[in-house]
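The structure appears right after this line, and notes come after that.
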Amino acid sequence: MKYSVRILDIATRSGILLNYLDARNIGVLDGDRVQLINPKNSLAVTAVVTTTSTLEGQGTAGVYRGTNRRLNLTEGEEIEIREADRPASLDFIKKKMDGGRLTKEETLTIIKDVVNDEISAAELTAFITASYINPLDMEEVEHLTRAMVETGERIKFASRPIVDKHSIGGVPGNKISLLVVPIIAASGLKIPKTSSRAITGAGGTADLMEVLANVEFSAREVQEMTEKVGGTIVWGGATNIAPADDRIILQEYPFKIDARGQMLASVMAKKYAVGANLVVIDIPVGSHTKVPTVQEGRKLAREFIELGERLGMKVECALTYGDIPVGYSIGPNLEVREALRVLEGATEPNSFIQKSVSLAGIALEMSGKAARGTGAQMAQDILSSGKALEKFRQIIEIQGGDPKVKSEDILPGEHQFVVNAPASGYIVEMNNVSLITLARLAGAPHDRGAGILLHAKKGTLIKAGEPLFTIYAEREWRLQKAVEEGRHLVPVLVEGMLLDRVPSQSEV
């Protein structure tokens, strides 16, 4: 059946709005699938039906803007609509829901349908939930990783080694890629770093780099830039590298699901797809991180290493201290300013510098650039000499930014509120989750100037009335919201040496 097209400004990738009488004539209900065919060019996609009795008249079809990207229809043109077959991937998802193991072919079918929008958001959520309740074993993780790579773009460099680095997240202020990438590239190695934007954090690496330069490039452009200057820091979502991963992450977000198997596949698929054969994984360990204990960290590290071996990649993991933020800044502009200051020669903050050179040093040792045990010093020498700054400026320039940018050019939001210590004592705890929440309330990462600047960290003796941290915001209402809601978060806890006094029974 043919219908007149009306383009709806809805970004959903796979959807169509039909009058309920037209849907009945086609033989479909709400949530069913139809095949949409553009008669001009024979392009066809599958879309999920939503019915209406008022928003669409009979004979017209409301095609979502996201769906039309693959059909190239214009308003008023005709479209052919047919009932679509039920995808086989739904049977495989049901198999996983029932506790079964997925084969290589079944996993590939599911991921192909994810990429081609053959399954709905609800069905993808069912797959994610099934994999969370019935965890993937290592063979299934390998199948998932390879399927993610196979259904997207890949980069193949003419020579090796190709280095990459990833942090599993959970720690605010973890801006180390802004140092690690230029240090490694300045050593003569190649590091095509594709990064994520923040979903639950105050600033992903891509959000930070976007303060300085464009981060949206194709896979081919990433390869060309890496060949020219040795490294990139780009947003992976623009490259079509492992595209299924981005869609899975979006469905995980509302439930805060972070299934172990899918996390392993997510990280390693992107590294494999950019051609990396040497990978360093940062696993922050701490009470308010994704990995609460060293034992859990070692277990996760072994899983990354095993998956790497299955893929022909050498992986080393660093268990890093995650109970406090990295450095003193949280939020895009604040973190970028802190990173530039270190690249320009600042010798603080030590936590930021030490973590960055340690991870860069592992990569240098893995590649053979440095002997075992000397990598961190080599990384420190590259940083101290100014070679890392020079390389970072080259990366900024090739990505379309200003290579002459200085730390003082990067400013926080104009609205600020200082939080002072309520009593004298030691800072005994810094709650990473609360700090991230507070920075997001202030507007980060969308508002680049929003965030938190810490004035003291865990273990510091502080007097009543001295500043603990400053909240920055670009909009006054955002600052007020952060201050009001932040009163219940207690992101920094100060206690005296005397915790309590227990009197004798005679004094009770």
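Indices start at 1 and increase along the chain as displayed.
Every residue gets a Cβ built from N, Cα and C, even glycine.
According to its DSSP assignment, Asp258 (active site, proton donor) is coil. The active site, proton donor annotation in Swiss-Prot covers Asp258 and rests on sequence analysis.
What Swiss-Prot records for Gly170, Ser196, Arg197, Ala198, Ile199, Thr200, Gly201, Thr205, Ser266, Lys290 is AMP binding site. The Cβ of Ser266 (AMP binding site) lies under 8 Å from the Cβ of Met148, Ala242, Asp245, Ile248, Ile249, each of these being in the same chain and 6 or more residues away along the sequence. Under the DSSP three-state reduction, Ser266 (AMP binding site) is assigned to helix.
In sequence order, Gly204, Ala206, Asp207, Trp235, Gly237, Pro445 constitute the residues six or more apart from Arg197 (AMP binding site) in its chain with CB-CB distances below 8 Å. Calculated from their C-alpha atoms, the gap between Gly170 (AMP binding site) and Asp258 (active site, proton donor) amounts to 12 Å. For the pair formed by Asp258 (active site, proton donor) and Gly201 (AMP binding site), distance between Cα atoms is given as 14 Å, rounded to the nearest Å.
With Gly170, Ser196, Arg197, Ala198, Ile199, Thr200, Gly201, Thr205, Ser266, Lys290 listed as the residues that bind AMP, the site has a largest C-alpha separation of 18 Å.
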